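Asks: I have a structure I would like to understand better, so I am pasting it below and will then ask my questions one at a time.
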Amino acid sequence: MKVLVAVKRVVDYNVKVRVKADNSGVDLANVKMSMNPFCEIAVEEAVRLKEKGVATEIVAVAVGPTAAQEQLRTALALGADRAILVETGEELNSLAVAKALKAIVDKEQPQLVILGKQAIDSDNNQTGQMLAALTGYAQGTFASKVEVAGDKLNVTREIDGGLQTVALALPAIVTTDLRLNEPRYASLPNIMKAKKKPLETVTPDALGVSTASTTKTIKVEAPAARSAGVKVKSVAELVEKLKNEAKVI
Amino acid sequence: MTILVVAEHENAALAPATLNTVAAAAKIGGDVHVLVAGQNVAGIAEAAAKIAGVAKVLVADNAAYAHALPENVAPLIQELASGYTHVLAPATTNGKNILPRVAALLDVDQISEIIAVESADTFKRPIYAGNAIATVQSSAAVKVITVRTTGFDAVAAEGGSAAVESVAAAHDAGKSSFVGEELAKSDRPELTAAKIVVSGGRGMGNGDNFKHLYTLADKLGAAVGASRAAVDAGFVPNDMQVGQTGKIVAPQLYIAVGISGAIQHLAGMKDSKVIVAINKDEEAPIFQVADYGLVADLFEAVPELEKLV
């Protein structure tokens, strides 16, 4: 089966972001960017499906700026066969991204689309579910285990009380949770080979996709800072303070 | 304005997250209706009708809605949504699973995990693992929103007397089916609703050592949480994880034991009223947010703490 994997370029997860002084957003100038960690897991799962002989071709897709080519090259180095960049200068909302992905799904006709469950910048956790709605496919979100069983996909999902398993008709959409797998590192020879793999660029306009949005960001602020606390010397002092000062026990 | 709140329920009981979501709806203003979708949910609908401030309860009782499969529930909400200005659900795994699907069917953006209502169309939500707060405005005809439950105080579960109306619509997409579930059993309070949370990290060393936290938690009437490191190392099941990708908690007291305090963990607990950190590394970032820090070996400090409280 053909597998489509969506990847996003985001600020690296170790970076402590700073809000811009004019409250228009967070400062991303000269900040380290990487592939979103959940997307790495999605790529890894697709590659494992190929290694098991289930997947025949892996297409990596990104919707974002020209620089997102770097993240697509990373996906190619990890084992994707080819890549498509839907290039846009704007910061798109999840629905617009889902619409762009829907256009690619229509063109490529994959049996399975794997996405991360959320991007660590917007923290939306929406795109996979929206793509499932637009395509009419079943969705297996927050997946910690994926098994292809004939024409069905068994997905074990992380839910609030534990785990839930659902069976989905293919084609289907899966979004990854952190425990789905441990992503591999790209080796140098594979990084070199990835440079020769095909990377196609399209625009939302060429796909006939509207990027209009019903939500706009008015301002972005730093969260209220917590005032520095005190260090206690002993457990007895800690208990005394919790009882008499904070009055929480 | 009329607001539809999608009720969260499990094991034939209404989940407390519904009460926080009704509170968010009350802040927006207007009539609040609650949708209870599921199978054999008459009892849950009755409980929903008693929630203070709820004007009407809609019940969609159908085998297709059992286990809240989004392929079936989302079209139901889409059908009902035309009569509403807002559709709200708690940002639980169910809410996060279903509402974006509803929003896409309605061709509107969805707003995730709001923590404050500024006005009927303007909301605040955390981004970048809680390191920035965005104020967003929606021009959507129907505003589809998930609510971070720790951002709103629960309304009273009793006192209301809403009319209960049943919804005939049956949507069965036939694309997905429930196979089974494995729920973690615990007598302790639910993590997201607990007044006190005791959490362990990699410093616990192994799963057996979590028993020290369980005995401390039982004495305090607390829930037990964990960092991702503790979950990934297999010490405890994943539904105990607190953080950006796990559960968001904001208890009166959060005791972090053997947790370094990575950005992703802080995202899940930094709105706690009082934070206590017990860690032997005095450079650990957790001490920068802790109200009370104790630099000590947790294997000595935790049993002593248990004795003294």
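Positions of Cβ are set from backbone N, Cα and C atoms, glycine also.
What TrEMBL records for this protein is below:
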- B:3-182: domain 'Electron transfer flavoprotein alpha/beta-subunit N-terminal' (DOMAIN)
- B:Arg202, B:227-228, B:241-245, B:258-265, B:Asn279: FAD binding site (BINDING)
Asks: Among the binding-site residues B:Gln241, B:Gln244, which residue has its Cβ surrounded by the fewest other Cβ atoms within 10 Å?
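Replies: Comparing Cβ neighbour counts within 10 Å for the binding-site residues B:Gln241, B:Gln244 gives B:Gln244.
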Asks: Hey, which of our binding-site residues B:Arg202, B:Gln241, B:Gln244 end up with a Cβ under 8 Å from chain A?
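Replies: The binding-site residues close to chain A are B:Gln244.
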Asks: Using DSSP and collapsing to three states, where does B:His265 (FAD binding site) fall: helix, strand or coil?
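Replies: It is helical.
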Asks: In sequence order, which residues at least six apart in the same chain have a CB under 8 Å from the CB of B:Arg202 (FAD binding site)?
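Replies: Long-range Cβ contacts: B:Ser227, B:Ala229, B:Ala230, B:Ala233, B:Gly258, B:Ile259, B:Ser260.
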Asks: Looking only at B:Ile259, B:Ala262, which of these binding-site residues has the biggest number of Cβ atoms within 10 Å around its Cβ?
Replies: B:Ile259
Asks: Name the secondary structure element type, per DSSP in three states, that contains B:Arg202 (FAD binding site).
Replies: helix
Asks: Which whole-number mean pLDDT does the model give the domain 'Electron transfer flavoprotein alpha/beta-subunit N-terminal' (B:3-182)?
Replies: 96
Asks: List, in sequence order, the same-chain residues at least six positions removed whose CB sits under 8 Å from that of B:His265 (FAD binding site)?
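Replies: The list for B:His265 (FAD binding site) reads B:Gly201, B:Ser227, B:Arg228, B:Val242, B:Gly243, B:Gln244, B:Ile259, given in order along the sequence.
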Asks: For B:Gln241 (FAD binding site), name the DSSP secondary structure in the helix/strand/coil scheme.
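Replies: The residue in question, B:Gln241 (FAD binding site), is strand (DSSP, three-state).
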